[in-house]
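Structure record follows, encoded as structure tokens.
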Amino acid sequence: MELSESVTHKNGRLRKPVVSSSDMGERESKLEVECDEEALLPNSVRADGQVKACHGIKGELGNVALLLFLYVLQGIPLGLAGSIPLIMQSKNVSYKDQAYFSFVFWPFSLKLLWAPLVDSLYLRRFGRRKSWLVPTQYLLGLFMLYLSVTVDAMLQTDGQSGPDVITLTAVFFMLAFLAATQDIAVDGWALTMLSRENVGYASTCNSVGQTAGYFLGNVLFLALESADFCNKYLRFEPQERGIVTLSDFLYLWGIVFMVSTTLVAVLKKENNRHHHTKKKPKEETQSVMETYKLLVSIIKMPTVFTFCVLLLTAKIGFSAADAVTGLKLVEAGVPKEQLALLAVPMVPLQILLPLVISKYTAGPRPLDVFYKAFPFRLLIGLGYTLLVWWTPSVRQEEGFPVYYYAVVLLSYAVHQVALYSMYVACMAFHAKVSDPVIGGTYMTLLNTVTNLGGNWPSTLALWLVDPLTFKECQGAPGQTCGSVEEAGLCVREGGTCVTTLDGYYVESVVCVLIGLCWWMFFGKRMKRLQAESPSAWHCRVVK
């Protein structure tokens, strides 16, 4: 998990930049997928059927505020899910357990699988989007209230047993699944809620709202939950606990979800503009099966299939740095709340980078930028490895010096430049090759594959850390540390398990070597896809 991810997502841990870059692209393309004709009407339509002109954003500030709030709510469970791996790491869980929990970050990458259902099945009288938004947000609130009572027991270390990782994974996976479903509904509602002249604010509400929600659920929570942080900056008299606990935070937001969802269900009506127009929205004419058949037909095209295979394998070389580095820093003693706070100064950089990089990806060959940034990101991964190796030697009794955090912040910033260069280039190519007739579905499919290409290597990298790590028992002759039971026996015999070879370093080197091979042999193949004719990317299937 990269520093960007563990601070936020990823995408999630130091797993995603404050707003997961991959998720950001997926969300934006989703907005395109769900673009109804009714949403693009230039004016609002009142209930009596008369047209009411919208002049600027002032007449729709209420709708913009509601969208922003809904996206903030969406970011809360994602931020909390991103904080759990850091909390578990401080309780010395295995990396195999971290790999289990990493599945929590998969639903946002897989939501294309059930998005057609959310778009097509609904109760007309209640509202197309509210039919999904209201029940999913109620369930999110109920899950949070349930967790507020049980999460402490799940995370409690009791003797030889550690946190209940399987239960934690199941519950937070459901939270992420519900948040992804809410995202589909809100993205669609955003385009029918706003008039055509103001519909551009939907993506702004999306990025700003989810960033704010993730910040509240991850950075702010980890800071307020830390006794050290609160005693140092927020209290006059030190106490053993932070200002809030995870249970308190979950209970608060569970209540917020329940109350706000009730208000939306009762007070907010959907803009059913298509009932007042002669032409039905385009989305309504496409069945669920037609949508899935369309996705399959896109994947079957040779150029698309080749591109998808390359996307699914391109990030293997970055997996150790992206998925494990943040956890290794926490293991080395770096306070998790300090790592989370490093996301704050990165926000301006993450806003400016896409604007600057897009100038170089706007031409006919955007993947050239992807190809050039690739080896630099691999080198930055090796730099992360050196950072982890250097960290224990810098630690002092009172913590880590300021210059150490400056080095971490600089490493993080350089990494963001490489990450966003590849991300923006990839998104630009997606937009360039997508068939304009089915652009939204096409873009969402490519973004989904891109996200999966980052998820599965991260999970595998976490899983392999423990098998690649070798320890020996010192002080207890005849004992070994090959398993948890053997390590416990070593300690009972008066010995200590000492790491002789950390699997993270093995993984880092292997991943970089795999990444270099991919760059040399498959990177050029990806560049050559830019020379394919537009017809090679256009879907020939007729609905």
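Glycine is no exception: its Cβ is also placed from the backbone N, Cα and C atoms.
Since the structure is predicted, the reported quantities are computational estimates derived from the model, not experimental observations.
Marked as region 'Disordered' by TrEMBL: 1-27.
For 65-87 (among others), the entry in TrEMBL reads transmembrane segment.
Summarising the annotation, TrEMBL assigns transmembrane segment to 99-117 (among others).
Within its own chain, the transmembrane segment (137-155) is flanked in space by residues 73, 77, 87-88, 91, 163-164, 167-168, 171, 174-175, 178-179, 182, 245-248, 250-251, 253-258, 260-261, 264, which lie at least six positions past its ends and keep a Cβ under 8 Å from the stretch. Sequence annotations record features per position, and here TrEMBL assigns transmembrane segment to 137-155 (among others).
Long-range neighbours of the transmembrane segment (167-186) within the same chain, counting only residues 6 or more positions beyond its ends whose Cβ lies under 8 Å from a Cβ of the stretch, are 27, 30, 34, 67, 70-71, 73-74, 77-78, 80-81, 84, 88, 100-101, 103-108, 110-111, 114-115, 118-119, 129-130, 132-133, 136-137, 139-140, 143-144, 146-147, 151, 154-155. Among the features that TrEMBL reports, transmembrane segment is placed at 167-186 (among others).
Under 8 Å from some Cβ of the transmembrane segment (249-267) lie the Cβ atoms of residues 66, 69-70, 73, 76, 80, 130, 133-134, 137-138, 140-145, 147-148, 151, 217, 221, 224-225, all in the same chain and six or more residues away from its ends. Feature annotation from TrEMBL assigns transmembrane segment to 249-267 (among others).
Residues or ranges marked as transmembrane segment in TrEMBL: 294-318 (among others).
The transmembrane segment annotation in TrEMBL covers 338-357 (among others).
Positions annotated as transmembrane segment by TrEMBL: 369-390 (among others). Here the transmembrane segment (369-390) has long-range neighbours at 2-3, 314, 317-318, 320-322, 325, 328-329, 332, 357, 360-361, 407-408, 411, 414-415, 418-419, 421-422, 424-426, 429, 504-505, 508-509, 511-512, 515-516, 519, 523-524, 526-527, meaning same-chain residues at least 6 beyond its ends whose C-beta is under 8 angstroms from one of its own.
Taken from TrEMBL, the feature transmembrane segment applies to 402-425 (among others).
Taken from TrEMBL, the feature transmembrane segment covers 504-522 (among others).
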Cβ-Cβ under 8 Å with the transmembrane segment (65-87): same-chain residues at least 6 beyond its ends: 1, 5-6, 8-9, 12-13, 15-16, 98, 101-102, 104-105, 108, 133, 137, 140, 144, 155, 168, 172, 175-176, 178-179, 182-183, 186, 189-190, 193-194, 201-202, 205-206, 208-219, 221-222, 246, 249-250, 253, 256-257, 260, 264, 268, 326-327, 330, 336, 339-340
